[in-house]
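Notes for the one structure printed next.
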There are 2 protein chains.
Amino acid sequence: MKSLIIIKIGGNVIDNPDALKQFLTSFRGIYGHKILIHGGGKIATQVAEKLGIQTTMVDGRRITDQPMLDVVTMVYGGLVNKQIVAQLQAIGVDAIGLTGADGNTVLSKKRAVGNIDYGFVGDIEEVNSGQIQYFIRQNLVPVFAPLTYDRSGSLLNTNADTMASAIAVDMAIRNETTLVYCFEKKGVLADPNNEDSVLAELTPESYANYKSQGVISKGMIPKLDNAFSALEKGVRKVIICHANQVAEAVSGSGVGTVLSLGTQE
Amino acid sequence: MKSLIIIKIGGNVIDNPDALKQFLTSFRGIYGHKILIHGGGKIATQVAEKLGIQTTMVDGRRITDQPMLDVVTMVYGGLVNKQIVAQLQAIGVDAIGLTGADGNTVLSKKRAVGNIDYGFVGDIEEVNSGQIQYFIRQNLVPVFAPLTYDRSGSLLNTNADTMASAIAVDMAIRNETTLVYCFEKKGVLADPNNEDSVLAELTPESYANYKSQGVISKGMIPKLDNAFSALEKGVRKVIICHANQVAEAVSGSGVGTVLSLGTQE
């Protein structure tokens with residue numbers, strides 16, 4: 001199987017033009033087939049504010065009413081996505097910007113209203129990996145905005161971490177897939193106050209230990225649970241690293257935190 | 001050669017959700033390979049206004065400074081393009097939304113500053129018809145926003161009529177290409193006050209006659225000049241028709257105005 005690298009970058013990289021440029025240069029250095037999934041960043045909130053649309057967050061998640069769906073469609077699907085594509089093209093990466101609606105690539109269902117009505121938020125139901133495979137076979141580099149669609153004509157706001165792992169799991173059927181979460185730290189830290197205390201490796205066992213010792217803290221737990229779940233579903237490796245170091249992390253030069261099932265190695 | 005239908009819809013259709021829905025249903029009815037190019041509509045001006053960005057028009061053309069480029073990237077490349085794609089997918093058309101940067105499809109150059117500085121406006125230099133051909137061969141339906149890019153990382157605002165004819169001319173090398181301009185009239189009218197006075201056919205000779213008689217008026221002349229130029233460069237047929245009648249016009253049922261070189265038939 002051919003190798004495939006799937007990389008997710010967060011909003012903090014997108015909000016900083018210099019950091020984004022550095023990341024895209026590093027991204028270009030990754031050899032072979034690759035896919036980028038980007039988060040939203042603060043621009044959507046700023047644009048919404050200027051348009052007089054109020055942003056409501058519950059537990060760190062944006063409530064997406066119809067005006068806010070229009071804003072995220074404009075900002076994530078238009079401004080951020082197309083700027084990344086144009087910048088990648090300028091450095092020789094044949095990028096193609098996509099939402100889940102484009103080429104029918106990522107289908108989702110509007111989240112059922114429970115205690116909280118998240119509005120136009122999509123939970124992924126199906127990844128059309130055949131279509132995505134077809135793009136990468138043509139040496140195109142898909143760049144996904146965190147938007148999916150519901151088969152009935154509506155786009156849905158979707159968490160970029162979840163979208164990255166859903167795509168990775170489905171692509172793992174045909175590719176030796178590595179999933180990389182880039183963020184503003186060098187990896188999973190043993191001591192949140194020490195930027196250099198990066199844990200080089202995590203297995204389900206060591207992860208359980210670190211959790212019980214309280215070494216790995218609240219904010220990282222959903223991300224890591226999600227990552228281990230992707231490994232169990234066939235993704236070969238998950239790397240958590242700084243956005244500037246993505247090419248080194250992927251080439252196995254020992255930067256970042258590498259998650260694997262361990263026992264299978 | 002396989003036939004290919006390239007359709008341009010204007011802003012007036014996009015500004016009216018019911019008209020857009022009707023158009024997309026008619027568009028679905030067109031058999032075979034097809035490409036859609038959409039204009040901008042008034043939403044960009046409205047969004048810009050709310051964001052406190054002033055819209056300056058000179059001779060009916062928008063001056064695109066950096067804040068306005070961000071707005072048109074959001075609105076044309078994000079909101080309008082992705083809503084059209086999601087609506088087409090919902091009715092079974094496997095659409096893929098593109099700007100000229102995506103897949104390196106339409107390259108342009110920032111217009112030189114003459115008497116007027118149009119700002120970030122692109123004049124098309126190259127259409128990557130191989131890439132577009134590859135999409136249609138996969139039975140994808142490209143949906144282009146009126147944005148191109150300059151090879152250096154900047155998107156450029158581009159006239160949708162011009163983009164449609166440039167794509168049609170390049171695609172005509174490998175396809176029997178029909179270019180359709182949809183608008184709010186039933187075709188080119190002999191009498192602007194009579195909606196039913198549609199001229200069924202136009203050749204370079206009859207066009208010259210109508211112009212000298214003053215039958216064809218100012219606003220239509222650049223559009224028709226552009227259309228005849230596309231015919232001279234290999235496009236088989238140009239049709240000018242109402243957005244609701246696009247499927248009938250393409251199937252040759254006598255609606256709309258059909259432009260051809262005449263002498264070759």
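Backbone N, Cα and C atoms are what each Cβ position is placed from, and that goes for glycine too.
TrEMBL labels come from automatic prediction, so no person has curated them.
Annotated substrate binding site per TrEMBL: B:Gly40, B:Gly41, B:Arg62, B:Asn157, in sequence order. In this structure, B:Asn157 (substrate binding site) is part of a beta strand by DSSP. The Cβ of B:Asn157 (substrate binding site) has 26 neighbouring Cβ atoms from other residues within 10 Å, across all protein chains displayed.
Among the features that TrEMBL reports, domain 'Aspartate/glutamate/uridylate kinase' is placed at B:4-241.
Non-local neighbourhood of B:Lys8 (site 'Transition state stabilizer'): B:Leu36, B:Ile37, B:His38, B:Gly39, B:Ala160, B:Asp161, B:Met163, B:Ala164, B:Leu179, B:Val180, B:Tyr181, B:Cys182, each in the same chain, at least six residues away, with C-beta under 8 Å from its C-beta. Annotated site 'Transition state stabilizer' per TrEMBL: B:Lys8 (among others), in sequence order.
Per TrEMBL, the feature site 'Transition state stabilizer' maps to B:Lys223 (among others). Other Cβ atoms within 10 Å of the Cβ of B:Lys223 (site 'Transition state stabilizer'), summed over all protein chains shown, number 17.
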Listed in sequence order, residues with CB under 8 A of B:Gly40 (substrate binding site) and six or more positions away: B:Gly11, B:Ile14, B:Val72, B:Val75, B:Tyr76, B:Val80, B:Pro146, B:Ala160
CB within-chain contacts under 8 A for B:Gly41 (substrate binding site), separation at least 6: B:Gly11, B:Asn12, B:Ile14, B:Asp15, B:Val80
Rounded Cα-Cα span from B:Lys223 (site 'Transition state stabilizer') to B:Asn157 (substrate binding site), Å: 18
Distance [Cα-Cα, Å, rounded] between B:Arg62 (substrate binding site) and B:Lys223 (site 'Transition state stabilizer'): 18
